[in-house]
Amino acid sequence: MSSLVIFCCSSSSSTPTATPSSSSTATLPKKKLWKAGEYPGVTEIFIPKLSNNNNKRRTPIKSIKKKLDKKNNANAWVNTVTEALSDAIDKKQWLLALQVFEMLKEQPFYQPKEGTYMKLLVLLGRSGQPKHARQLFDEMVEEGLEPTPELYTALLAAYCRSNLIDEAFSVLEQMKALPLCQPDVYTFSILIKVCVDASRFELVESLYDQMAERLITPNTVTQNIVLSGYGKAGKYEQMERVLSGMLESTTCKPDVWTMNIILSLFGNKGQIEIMERWYEKFRNFGMEPETRTFNILIGAYGKKRMYDKMSSVMEYMRRLSFPWTTSTYNNVIEAFSDAGDAKHMEYTFDQMRAEGMKADTKTFCCLIRGYANAGLFHKVISSVKLAGKLEIPENTSFFNAVIYACAKAEDLMEMERVFKRMKDKSCQPDSTTYSAMIDAYRKEGMNDKVYDLEQENQMMTADVSKGSHDVETKASLNATEVKQMNRTGMFYIEEVEDDPKHSYQGALKCWWGLS
């Protein structure tokens, strides 16, 4: 700073200088060293005023760095939390998804959108949690988000998934009372499906009448649902009447789903010749088969242990460049599983993984049952461990397979532990669960256990009919995930969501396609 002052002083015209006529021995006048701020030619532009306050204040560079760090941290939180929610939904972990969602809602600046509620409602419905779906829907309304026909239909579908017909019709009446939430053809199709599955065909006719009053025309999806219901109930005359009407109609022509329904119906009943005749009929109608069509044929041939025809269909798929899917491999694995052919079952599973196909819950259900049928109970344990390692969703079917294996091995203590874990994981036991356990206890002469399970099964059936079958939630969020998410109390969220209608229609594909 002093050099800057000296430079300014020497450049000033008012500074004394020696003249040429001066004597060489004359001494130059002593220059005065001005203090900062004293010299009149120096402004604050050249010499900034120093103060203790400036020393304490953070430099602009540090302030910018701090803001960038905050922004980066916020972006990291955006990715962490939204990805955690999306991952939980994709993995069908409904409890974890709800807990992450509740944590997000605690942030004052977070406003959930319709798409988020739609995904959660569909997840809860498919996970057999209609009670939680209703609570989530009510909370959404209380928070000021206007319900839409799609959201109401998702709630209705959650009740239908759990066969709660009365509650589903109650939602329908609520929709009819709201001008902006009127039911559409998809709403009625879902209701028709649950009525068909329950053999409540009188309600089906009532729903058709309501659709006619509202000028809602049944589409191919609706007719496929009714067609499937009549077929499963053995009402073949009504089934043929519906199919004939579709062939004559101009608005709801039969499609590949229609063909798949008919083939699946006779294939599951083991009526192979009738299935093959219908396949030829549909081909003559101009119907082109798809991957699912071939999977149905493979499954039907596999159940009858017609391995030659099963292999022929798979080779035919290869020639037509139809990909082998997870369902394709599952059908083959299931065929060998039912026969207790562990060798070929393992070979198919290894080939499945080698081709990059992702195993699902049904894959491991078949493996567990197959090893149990073959008496290889040590491989049952390894399959359960592998399922946990691969994060395979543990649903009622999965626990039923493990209980079946325990009963087959006559390991009743382990069977009871699996049954308890099943309840702890909020997986509702069904008739298959109780049937397997009752048979195992009866075989050992444990009549008291048989009586207890029969009473529990009756109580569960009664609760389902009343709409209160939802079991108590005992699962908990992983402690590591909780700690990770709670490191920062406040964070900025930018919610990017899919089109709600797209999510809605994709979620209901399982109903339309009868999957």
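Glycine is no exception: its Cβ is also placed from the backbone N, Cα and C atoms.
Residues or ranges marked as repeat 'PPR' by TrEMBL: 113-147 (among others). Here the repeat 'PPR' (113-147) is broken down by DSSP into helix, strand and coil counts: 26 helix, 0 strand, 9 coil.
Marked as repeat 'PPR' by TrEMBL: 148-182 (among others).
Each residue in the repeat 'PPR' (184-218) has a pLDDT score, and their mean in this model is 93. The feature repeat 'PPR' is assigned by TrEMBL to 184-218 (among others).
Residues or ranges marked as repeat 'PPR' in TrEMBL: 219-254 (among others). In the repeat 'PPR' (219-254), the DSSP tally of helix, strand and coil residues is 26 helix, 0 strand, 10 coil.
For the repeat 'PPR' (255-289), same-chain residues at least 6 beyond its ends with a Cβ under 8 Å from one of its own Cβ atoms are 220-221, 223-224, 227-228, 231-232, 243, 246-247, 296-297, 299-301, 303-304, 306, 512-514. What TrEMBL lists as repeat 'PPR' is 255-289 (among others).
Remote same-chain partners of the repeat 'PPR' (290-324), defined as residues 6 or more beyond its termini with a Cβ less than 8 Å from a stretch Cβ, comprise 256, 259-260, 263-264, 266-268, 270, 272, 275, 279, 331-332, 334-336, 338-339, 355, 357. Here TrEMBL flags 290-324 (among others) as repeat 'PPR'.
Among the features that TrEMBL reports, repeat 'PPR' is placed at 325-359 (among others).
Residues 95, 128-129, 361-362, 364-366, 368-369, 371-373, 377, 380, 384, 387, 436-437, 439-441, 443-444, 446, 457, 460, 469, 471-475 of the same chain lie 6+ residues outside the repeat 'PPR' (395-429) yet bring a C-beta within less than 8 angstroms of a C-beta in it. Feature annotation from TrEMBL assigns repeat 'PPR' to 395-429 (among others).
Sequence-distant neighbours of the repeat 'PPR' (325-359) (same chain, 6+ residues past either end, Cβ-Cβ under 8 Å): 291-292, 294-295, 298-299, 301-303, 305, 307, 310, 314, 317, 366-367, 369-371, 373-376, 379, 390, 392.
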